[in-house]
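Q: Before I ask anything, here is the structure I am working with.
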Amino acid sequence: MGKEARQNWDNPVQFVLACVSYAVGLGNVWRFPYLCQMHGGGGFLIPYLIMLVLEGIPLFYMELAIGQKMSLGSIGAWTAINPYLGGIGVASVVTSMYLCLYYNIINAWSFWYLFHSFQSVLPWAECPLNSNRTGPIEECETGTSTEYFFYRETLNISSSIEENGGIHMGQALCLLLAWVITYLFIARGVKSTGKVVYFTAIFPYVVLFIYLIRGFTLHGAFNGVAYMFTPKLEQLANPTTWINAATQIFFSLGLGFGTLIAFASYNQYNNNFERQAIIVSFINCGTSIFASVVTFSIYGFKATVNYENCLERTRLLLLNTFNLAEDSVSMDNVFEWIEKLNTTYPQQFAEIAHKLEGCDLESELDTAVEGTGLAFIVYSEAIMNMPVSQLWSVLYFLMLLLLGMGSMLGNIMAIITPLRDFKLLSHISDELLNGLVCVFCLLLGLGFTTTSGNYWFTMFNDYGANFSLLFVVLAEVITVSYIYGIKRFEKDIEDMLGHRPNWYWKIMWAGVSPLLLITLFIVYIVNYIQGGTPTYQAWNKELVSWGSFPLLTDYPVFGQLFIALLLVSSVSCVPLTALYVYCRERKRRPAHTGSPE
């Protein structure tokens with residue numbers, strides 16, 4: 001199946017950088033810091049590192065071994081192992097397609113923010129004026145300027161998933177640009193991708209390092225870093241902490257999408273993938289921790305600024321109400337004055353009690369945000385308070401863009417490589433096949449640029465991959481360990497590396513990793529059932545004015561049916577493919593037995 005003409009990476013470094021560029025993505029920047037914040041700061045590193053050893057590295061190694069041995073994409077590789085199990089590869093391709101459809105819209109948002117960063121005043125730094133030019137727009141004033149810019153200017157979001165307007169032309173053009181660049185990166189297969197990964201893998205670290213230095217010079221940054229590294233070890237007794245650590249390792253390394261199998265299929269047969277699996281896994285883990293230090297320094301700055309602004313508002317309220325001397329109340333002694341004035345003038349103090357805010361630095365740091373809320377709202381708010389904010393905005397969104405584009409290279413290769421292995425498509429040039437796939441994904445992805453597109457984005461993000469990936473990787477490890485056989489797999493590895501895998505790898509593949517995956521799979525199903533009707537957060541302009549955002553809303557019936565379709569569509573590829581192969585074999589048998597030699 002096209003083995004002779006198969007392309008190869010120019011050198012092992014390209015392969016490692018491709019894996020790093022793919023695995024190190026947006027989740028390292030906007031998901032891992034959130035989990036640290038939720039599960040005890042530095043204490044979360046304990047279950048995270050344990051799960052890396054028990055689950056992450058062994059499964060990463062396994063996928064690289066399969067790809068390099070078979071020199072095929074996911075569909076061809078699993079079909080070669082067992083024709084009835086080719087559906088595992090099909091499920092991977094379907095899941096990767098779902099991811100490609102919505103992942104590039106994040107890159108479109110990054111382009112949008114990047115282009116808007118080249119202004120004398122960042123557009124999310126202040127609220128626009130209302131139509132009478134008498135004050136800020138009410139929707140913006142009630143929320144924040146950064147929320148308004150994201151939800152109204154960037155998304156022009158509707159009040160629910162059921163209300164759909166037209167396409168946001170600015171977003172559509174940014175999405176088109178994202179797909180054009182994706183195509184240029186992959187146009188000639190690994191020959192072009194191998195050159196691009198030098199930039200997409202390395203440059204984000206340069207920006208992160210610059211941000212680390214800048215972050216540590218910000219006022220209050222060490223409040224955030226101290227918060228991160230102060231472990232709350234009681235969280236280790238919480239089962240959710242361990243489940244989230246295992247899930248984060250699983251998705252952060254990009255297991256189950258078929259990308260690692262695709263990348264490894266372009267290796268030389270005797271390439272040392274064992275060493276590379278360990279290197280990439282620890283680089284990914286180290287990047288998560290590194291990005292968290294940067295993020296928490298920004299958190300500390302933002303939280304300190306918010307805390308001190310709160311203290312300043314309280315100070316001015318006390319000065320104006322009690323006619324105190326300007327220099328008598330400072331931010332250092334404001335709490336002492338509150339206690340003193342409450343005791344001395346209880347009646348007068350009671351009249352302003354409802355205006356006093358609960359200023360607390362710890363509660364500011366406890367506010368956990370993930371995903372787009374962290375990347376496009378919290379970071380934007382912090383950036384606009386920095387000197388020379390335009391420079392830091394450009395650097396930040398360029399970094400987000402490169403992280404996203406690096407992951408997109410892997411996502412799209414997980415689709416293209418298996419398609420290329422089909423004889424029917426083997427005669428189509430790389431440029432044409434890759435272009436057709438990109439155009440197909442672009443046209444479907446335009447739905448995410450409509451006014452209700454963000455709600456569909458959330459649906460795909462929550463339900464498009466998680467369940468199916470757990471199922472796919474569980475099927476992979478059971479197939480390798482108990483259908484293909486550990487001993488046979490050992491011989492394949494020995495043939496490639498010159499030595500057999502040691503006891504650690506075999507114990508993980510045959511026992512520990514399957515048990516962990518089964519546990520995660522069961523927990524996911526139980527949580528989904530117990531969660532009741534799926535919900536999403538709606539941005540309703542009228543309710544924002546009443547301070548009721550976000551509004552938790554049940555998905556309508558069509559939304560619930562679509563979620564069920566997302567959950568079932570990829571998983572069903574495994575039994576449906578097995579059924580197809582079985583029927584095909586049954587049809588062939590009589591023809592073979594009945595025809596004379």
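Here the Cβ of each residue, glycine as well, is placed from N, Cα and C on the backbone.
As listed in TrEMBL for this protein:
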TRANSMEM  12-32  transmembrane segment
BINDING   ALA23, VAL24, ASN28, SER252, ASN284, LEU403, SER407  Na(+) binding site
TRANSMEM  44-62  transmembrane segment
TRANSMEM  83-105  transmembrane segment
TRANSMEM  167-186  transmembrane segment
TRANSMEM  198-222  transmembrane segment
TRANSMEM  242-266  transmembrane segment
TRANSMEM  278-299  transmembrane segment
TRANSMEM  394-416  transmembrane segment
TRANSMEM  436-457  transmembrane segment
TRANSMEM  463-486  transmembrane segment
TRANSMEM  507-529  transmembrane segment
TRANSMEM  557-582  transmembrane segment
Q: Do at least three CB pairs under 8 A connect the transmembrane segment (167-186) and the transmembrane segment (436-457), leaving out pairs fewer than 6 apart in sequence?
A: yes
Q: Quick check: do the transmembrane segment (167-186) and the transmembrane segment (394-416) share at least 3 Cβ pairs under 8 Å, counting only pairs 6+ apart in sequence?
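A: By the criterion, they touch.
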Q: Before we move on, state whether the transmembrane segment (278-299) and the transmembrane segment (198-222) share at least 3 Cβ pairs under 8 Å, counting only pairs 6 or more apart in sequence.
A: yes
Q: Could you list the residues of the same chain, at least six apart in sequence, whose Cβ is under 8 A from the Cβ of SER407 (Na(+) binding site)?
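A: Listed in sequence order, they are SER21, TYR22, GLY25, LEU26, TYR103, GLY254.
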Q: Considering only the recorded stretches 83-105, 198-222, 242-266, 463-486, state which has the highest number of Cβ pairs under 8 Å to the transmembrane segment (507-529).
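A: The stretch with the most contacts is 463-486.
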Q: Test the contact criterion for the transmembrane segment (198-222) and the transmembrane segment (394-416): 3 or more CB pairs under 8 Å, pairs 6 or more apart in sequence, then answer yes or no.
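A: Contact between the transmembrane segment (198-222) and the transmembrane segment (394-416): present.
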Q: Which one of these stretches, 44-62, 394-416, 463-486, 557-582, has the most C-beta pairs shorter than 8 Å to the transmembrane segment (242-266)?
A: 44-62
Q: May I ask for the residues of the chain that lie six or more residues beyond the transmembrane segment (557-582) and have a Cβ under 8 Å from a Cβ within it?
A: 83-88, 90-91, 94-95, 98, 161, 459-460, 463-464, 467-468, 471-472, 475, 533-534, 536
Q: Do any residues at least six apart in sequence from ASN28 (Na(+) binding site), in the same chain, have a Cβ closer than 8 Å to its Cβ, and if so which, in order?
A: SER252, ASN284, THR287, SER288, ALA291, LEU403
Q: Within 10 angstroms of the C-beta of LEU403 (Na(+) binding site), what count of other C-beta atoms is obtained when all protein chains are considered?
A: 30
Q: For the recorded Na(+) site formed by ALA23, VAL24, ASN28, SER252, ASN284, LEU403, SER407, name the remaining residues of the chain with Cβ within 8 Å of the site's Cβ center, in chain order.
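A: Other same-chain residues near the Na(+) site: VAL20, TYR22, GLY25, LEU26, GLY27, GLY254, THR287, SER288, GLY406.
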Q: So for SER252 (Na(+) binding site), how many other CB atoms are inside 10 Å of its CB?
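A: Taking every protein chain into account, the count is 23.
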